[in-house]
Amino acid sequence: YGGMGLDFSYNVAVAEELGNIRCGGIPMAIGVQAGMATPALTRFGSDELKKQFLVPTIAGDFVVCLGISEAGAGSDVANIKTTAVRKGDEYVINGGKMWTTSGCQADWMCLLANTSEGPPHRNKSLICLPMNLPGIHVAKKIDKLGMRSSDTAQIFFEDVRVPSKNLIGEEGKGFTYQMLQFQEERLWAVATVLTPLETIIQETIDYTRQRKVFDQTVLHNQAVHFRLAELATEVELLRSLLYRTVALYVEGNDMTKFASMAKLKAGRLAREVTDSCLQFWGGMGFTSEVLVSRFYRDLRLMSIGGGTDETMLSIICKYMETLPSK
C-alpha cells in the first residue's frame with residue numbers, strides 16, 4: 001500500500017529524529033498520520049478501505065485525524081457518546097469530537113463511535129469517515145497553551161451518513177482496536193521528546209556557562225551543574241526503557257505495562273526538565289524568545305494527551321495486580 005514494510009523500530013527512529021524540529025506540534029501531526037490514526041486500518045481494514053484511505057495517506061496526499069476524545073470523555077474512552085446507527089447499507093453518525101489533532105485540515109477521520117447498546121468495551125467500532133460529508137461541522141480551531149503550530153479542532157456530527165463498508169474490521173471491536181493504536185501512539189510520543197529534552201539541557205548548559213550572576217557564571221554553581229547532570233541521566237534512562245519496550249513489541253510481546261511506564265515517565269520528565277532548565281534561564285526563560293519556554297508549553301501535553309499520567313498509573317497497577325479486577 002506504499003509503505004516500506006519496515007518494523008516499528010523504524011517509526012521510533014523517525015520519531016526521535018523529528019525531535020530535532022524546534023517545536024512539538026509538527027512531530028505530533030506527523031505522528032497522528034503515521035502511528036496514531038492508521039495502525040488499525042493497516043491491521044484490520046479491508047483491501048478496499050486500504051486502497052481508498054491508507055494509500056493516499058501514506059503518500060501524503062491525504063491528511064488523517066483521529067476522532068476519539070469528546071468533551072466528556074478524554075482518557076475515559078469507554079465513556080464516549082458519539083453514535084453510529086446502522087440503517088441499511090449506511091451508518092448514521094451523531095455526536096461530536098474534541099481535541100482532534102489536524103481536524104481542521106483532515107481529509108478523513110478514523111472515528112470511534114458506539115454502534116450498539118451493548119457493554120461499553122464491546123459496543124464500539126472504528127469507521128473511516130471522509131471529512132467532506134454533509135453534516136460534519138468543524139466548530140473551531142482550539143486556542144491552546146502549547147502545540148500552537150498544530151491545529152486542534154472541535155467537531156460535530158449531525159446525521160452524517162457513511163457507507164457501512166467503511167467499517168474497520170469487525171463491528172464491536174473498535175475499543176480493542178483503539179487500545180492497540182494507543183500503544184504505538186504512546187511509544188511515538190515518548191520517542192519525540194527525547195531529542196528536545198537533550199537539546200534543552202544542552203542549551204541550558206551553554207547559556208548558564210556564559211551568564212554571570214554575582215561575578216561568576218551560573219553554571220559554576222554546583223547545584224546547577226549537578227542538577228543538569230541528573231536530568232541528563234534521567235533522559236538516558238527513559239531512552240533505555242523505550243528501546244526495551246520497542247524490542248518487546250517488535251518481537252510480538254504484550255508491552256502494555258512498559259509502554260505505560262515509558263509514557264508516564266516521559267510526561268513527568270518533560271515537565272521536570274523544562275521547569276528546572278527554565279529556572280536556570282532566569283528572566284529570559286519567561287520570554288517567548290528562547291526554546292526552553294516553547295517546550296515548557298509544548299511538552300506539557302505529554303502528561304495529558306494519549307492517556308493521562310493517572311491513566312498510565314492505573315494500567316501499570318493492573319499489570320502489577322495491585323488493584324482488584326473488575
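The backbone N, Cα and C atoms fix where each Cβ goes, glycine too.
With DSSP classes pooled into helix, strand and coil, the tally for the domain 'Acyl-CoA dehydrogenase/oxidase N-terminal' (1-61) is 42 helix, 0 strand, 19 coil. TrEMBL lists 1-61 with the feature domain 'Acyl-CoA dehydrogenase/oxidase N-terminal'.
Taken from TrEMBL, the feature domain 'Acyl-CoA oxidase/dehydrogenase middle' applies to 65-160.
Look at TrEMBL and you will find 172-318 tagged as domain 'Acyl-CoA dehydrogenase/oxidase C-terminal'.
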Summarise the model confidence on the domain 'Acyl-CoA dehydrogenase/oxidase C-terminal' (172-318) as a single mean pLDDT, whole number.
96
